[in-house]
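Remarks on the structure that follows.
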Amino acid sequence: MASIDDDDDERTPLLQDSHIGELVETQKQLKSRWWSIRVMYLTMFLSSVGFSIVMTSIWPYLQKVDQSADASFLGWVIASFSLGQMVASPLFGLWSNHRPRREPLVVSITILVAASCLYAYVHVPASHNKYYMLLARTFVGFGSGNVAVVRSYVAGATSLSERTGAMANISAFQAMGFILGPAFQAALSVIGETGITINGISLQVNMYTAPALMGALLGIGNIILIFAIFREHRVDDLEKNVSSINSESEVTDVEKANEGPIDQIAVISSNILFFVVLFVFAIFETISTPLTMDMYAWTRTQAVFYNGIILAAVGVESVIVFLTVKILCKKTGERVLLLGGLAVIWIGFFILLPWGNQMPKIQWTDLQNATIHNTTQWTSSIPSSGNHSVEPTGCPVIQTWCLYTPVIHLAQYLTSDILIGVGYPICNVMSYTLYSKIIGPKPQGLYMGWLTAAGSAARTLGPVFVSQIYTHLGTRWTFGIICAFVALSLLHLTAVYKRLIPFSTRYERL
């Protein structure tokens, strides 16, 4: 394996070590280790599916089971997944540090299965059904807190030379889960709203509940695979030894063997950078539908359909990028790619800044409704087209910025989508990979839990932030603030650049 020189540190992947010896591993251990890693890939995929498989149907399902639910409560239902995951991630991570990882994995997936079943039964209670849905989604998120355990296991079960590829694969499976979840929902929509009812257990299987039940069945299959195939392995940071860790005593032995403190500044900086990456991507996901409806006068149906196609294309693009970074990392390094990914994200949002003299089409509906008592006679003289429920389109006049802020052209929007679809997956993979190497041989469960919690907090706060800024201040302020936010992150990354090195490399330099 190639060695690295200090002078060539910038272009050498950080996954390499100058004093790496031969890896002591039998063929049986190698096979078991990689089959266990593949089970973790599947676990990550199913966790993502659990989030996305009901996303397109949550709003109509919520309205069906509880007519008192409004759009603001829908926001809480959507955010509850990330809140549950944010709370659970450090807890499961800490658990995995002191016990075999099979325990938190099985418990978390069991919670996810139970919560998915609860989601399918929220129609049963006589009242307060919306709160049962909120509870169900919270616990689905809580069960998905096992992603910290998954990433910490893969980080510990791979050598430095294997880790970037393994982390890229995890992110690719996560992205595929987000892409295929809505596809599963679309396929199951043929069941219809009525579906079938199993009276003995009060279960309604319809287009809203079938995806959740499918998620529960996949979770049960995941648990079976964990018991049948998953075995815990660990590769030390010098890649000289592979050990099995499948009992409490073996976990304790590993903890005692790892000496030396972790660079906490590098750890905190990595969490901050990861928060920024997830924060801006959550904003990107949230704003796509209202932005296109306001800028291009798309109807709700058009916005959902066209943005669904765009986001699916971005998802496919992201999977390709996830797989490509494994090759790029061998020629550059994680830090260089992270810096480049953030720069691409900044360009993507900068392109969205409005310019020119063309204004968006204005939706005057709100003004007309406010003065309808003065115009009843005038409107009654207009010939009827037979359609009494034409959906108003355009930028609502109640958003006063629509009157003086230039339109964002469709070419700007599509170019931004492409760039963000490149920058986000690069930053995602590099953040996890660098973070795992900074922690080194230490138990990574709790640390990965904090990183996952930072991402969950970002996915919770991002939509809240953008909904307020966009509605009241408009596109110029929204994307201007995001550009400033990403620019500050680039400066922060530059400041801590030399500290973002593997644990083993740091102690070689001391």
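Note: Cβ is positioned from N, Cα and C throughout, glycine not excepted.
The N-linked glycosylation site annotation in Swiss-Prot covers Asn369 (among others) and rests on sequence analysis.
Summarising the annotation, Swiss-Prot assigns N-linked glycosylation site to Asn374 (among others) and lists sequence analysis as the type of evidence.
Per Swiss-Prot, the feature topological domain 'Cytoplasmic' maps to 1-38 (among others); the stated evidence is sequence analysis. Over the topological domain 'Cytoplasmic' (1-38) the predicted model carries a mean pLDDT of 56.
Among the features that Swiss-Prot reports, topological domain 'Extracellular' is placed at 60-72 (among others).
Here Swiss-Prot flags 94-103 (among others) as topological domain 'Cytoplasmic'.
The topological domain 'Extracellular' annotation in Swiss-Prot covers 125-132 (among others), and the record cites sequence analysis as its basis. Residue counts for the topological domain 'Extracellular' (125-132) under DSSP, split into helix (H, G, I), strand (E, B) and coil, are 4 helix, 0 strand, 4 coil.
Marked as topological domain 'Cytoplasmic' by Swiss-Prot on the basis of sequence analysis: 156-171 (among others).
Sequence annotations record features per position, and here Swiss-Prot assigns topological domain 'Extracellular' to 193-209 (among others). Proximity of distant same-chain residues to the topological domain 'Extracellular' (193-209), defined by a Cβ-Cβ separation under 8 Å and at least 6 residues beyond the stretch ends, is recorded for 54, 57, 60-61, 64, 119-121, 123-124, 185.
Marked as topological domain 'Cytoplasmic' by Swiss-Prot: 231-264 (among others).
The topological domain 'Extracellular' annotation in Swiss-Prot covers 286-302 (among others), and the record cites sequence analysis as its basis. Here the topological domain 'Extracellular' (286-302) has long-range neighbours at 310-311, 360-361, 363, 391, 393-396, 399, 402, 407-408, 410, 413, 462-463, 466-467, 470, 475, 478, meaning same-chain residues at least 6 beyond its ends whose C-beta is under 8 angstroms from one of its own.
The topological domain 'Cytoplasmic' feature in Swiss-Prot is assigned to 324-335 (among others).
Annotation comment: Swiss-Prot describes 357-406 (among others) as topological domain 'Extracellular', evidence class sequence analysis.
Summarising the annotation, Swiss-Prot assigns topological domain 'Cytoplasmic' to 428-445 (among others).
Annotated topological domain 'Extracellular' per Swiss-Prot: 467-476 (among others), in sequence order.
According to Swiss-Prot, the feature topological domain 'Cytoplasmic' maps to 498-510 (among others).
The feature transmembrane segment is assigned by Swiss-Prot to 39-59 (among others), with sequence analysis given as support.
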Intrachain neighbours beyond the transmembrane segment (303-323), with Cβ under 8 angstroms and 6 or more residues off its ends: 56, 168-169, 171-172, 175-176, 178-179, 182, 285, 288-289, 292-293, 414, 417-418, 420-422, 424-426, 428-429
The transmembrane segment (210-230) vs the transmembrane segment (407-427): 3 or more CB pairs under 8 Å: no
Tertiary contacts of the transmembrane segment (336-356), as residues 6+ beyond its ends and Cβ separation under 8 Å: 10-11, 273, 276-277, 280, 325, 328-329, 405-409, 412-413, 415-420, 422-427, 430-431, 434, 475-476, 479-480, 482-483, 486-487, 489-490, 493-494, 497, 500
Contact between the transmembrane segment (446-466) and the transmembrane segment (265-285) (3 or more Cβ pairs under 8 Å, separation 6+): yes
For the topological domain 'Cytoplasmic' (156-171), residues assigned helix / strand / coil by DSSP: 13 helix, 0 strand, 3 coil
DSSP residue counts for the topological domain 'Extracellular' (467-476), split into helix, strand and coil: 9 helix, 0 strand, 1 coil
